[in-house]
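Engineer: OK, TrEMBL features for this one:
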| type | residues | note |
| --- | --- | --- |
| BINDING | T130, G151, D172, N213 | S-adenosyl-L-methionine binding site |
Amino acid sequence: MQEYYYELVVKVSSHKELFADFLHDTIPVGFEESESGFIVRSEDELDTIMWGLEQFCEALQKAIGEVIELECIQQKLPNSDWVELYQKSITPLAIDKFYIHPTWDEENPDLINIAIDPALAFGTGHHPTTASSLKAISKYVKEGDSVIDVGCGSGILGIGAMKLNAVVEACDTDPVSVENSIVNAKLNNLKFTKIWEGSCSLSSAKYDIVVANIVADVLTFIAKDLKNALKDNGILILSGILDKYESKVLGFYKDCEIIERIAVDEWVTLILKRK
Ligand SMILES: C[S@@+](CC[C@H](N)C(=O)[O-])C[C@H]1O[C@@H](n2cnc3c(N)ncnc32)[C@H](O)[C@@H]1O
């Protein structure tokens, strides 16, 4: 552990959700929402993220013709092991058939346990997009199904599917997430059949279930690849969609019908089938 870590305090005057999308998609470390913005922490300097936020803000102002005040303050602080502090803040939770718990907490004898030790990859089950994806997995994944978890983060969704006896592959563009998914699968005595760094376009296989909890923009960019990965009667679980982008995302999935829509707070999860 290093002696110091860096904390970037970001304040934005408006459109906080667009900045959240940007951070969600660009930074491999987690960030925390504060009342007027975000806090990003890392053992490395955060100059690149600060620069990216400034560029994004400039582009956004031009695109929408509004002035947005952005303030980024980076500070170097003594390292009290923030990962450990973050880990301690994670409590177990039940989502339908599943019980997600860190390894230092007891299992629940009545549910299907998923052990996840929170680390740098996204996915402890506490975010509504992960929780809704798990609900969909709990309902639609059947024993023996082939599943791909696109944007696996901590691996939680794929691990959930494996716990239901599906055969699961996973991928993520972020190498830290791939590593963390492998570690978390091992914690559950499971193994992804295949897991790779990159997106689903790197596989030509077809799956019974394709699950992707990624931000709306990415779900539009990779819409073709996600649909191509589906077997004829396959089910596509799309999550990570802020409700205001739902119709934009659906515009890229016009050849699919909605079989279920789960909404929690401002987050929407869509369960789709090809028409
Ligand atoms: C919101 S996290 C979801 C993590 C986990 N699946 C969950 O549900 O909690 C989104 C993940 O998608 C990954 N990602 C972003 N764009 C991607 C792409 N085009 N293909 C695959 N993964 C991508 C990110 O690196 C991140 O780990």
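Glycine too: its Cβ is placed from the backbone N, Cα and C atoms.
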Engineer: Using all protein chains in view, find how many other C-beta atoms are within 10 Å of the C-beta of N213 (S-adenosyl-L-methionine binding site).
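Structural biologist: Here the count is 28.
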Engineer: Does DSSP give T130 (S-adenosyl-L-methionine binding site) helix, strand or coil?
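Structural biologist: DSSP assigns T130 (S-adenosyl-L-methionine binding site) to helix.
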Engineer: Please list, in sequence order, the residues in the chain of T130 (S-adenosyl-L-methionine binding site) that are at least six apart in sequence and whose C-beta is under 8 Å away from its C-beta.
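Structural biologist: The answer is F122, G123, T124, G153, I156, L157, N213, S239.
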Engineer: In Å, how large is the greatest distance between any two Cα atoms among T130, G151, D172, N213, the listed binders of S-adenosyl-L-methionine?
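Structural biologist: Those residues reach a largest Cα separation of 15 Å.
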Engineer: Under a criterion of Cβ-Cβ distance under 8 Å and sequence separation of at least 6, what residues of the same chain contact G151 (S-adenosyl-L-methionine binding site)?
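Structural biologist: Looking at Cβ-Cβ distances below 8 Å from G151 (S-adenosyl-L-methionine binding site), excluding near sequence neighbours, one finds C171, D172, T173, S177, A212, N213, I214, V218, G240.
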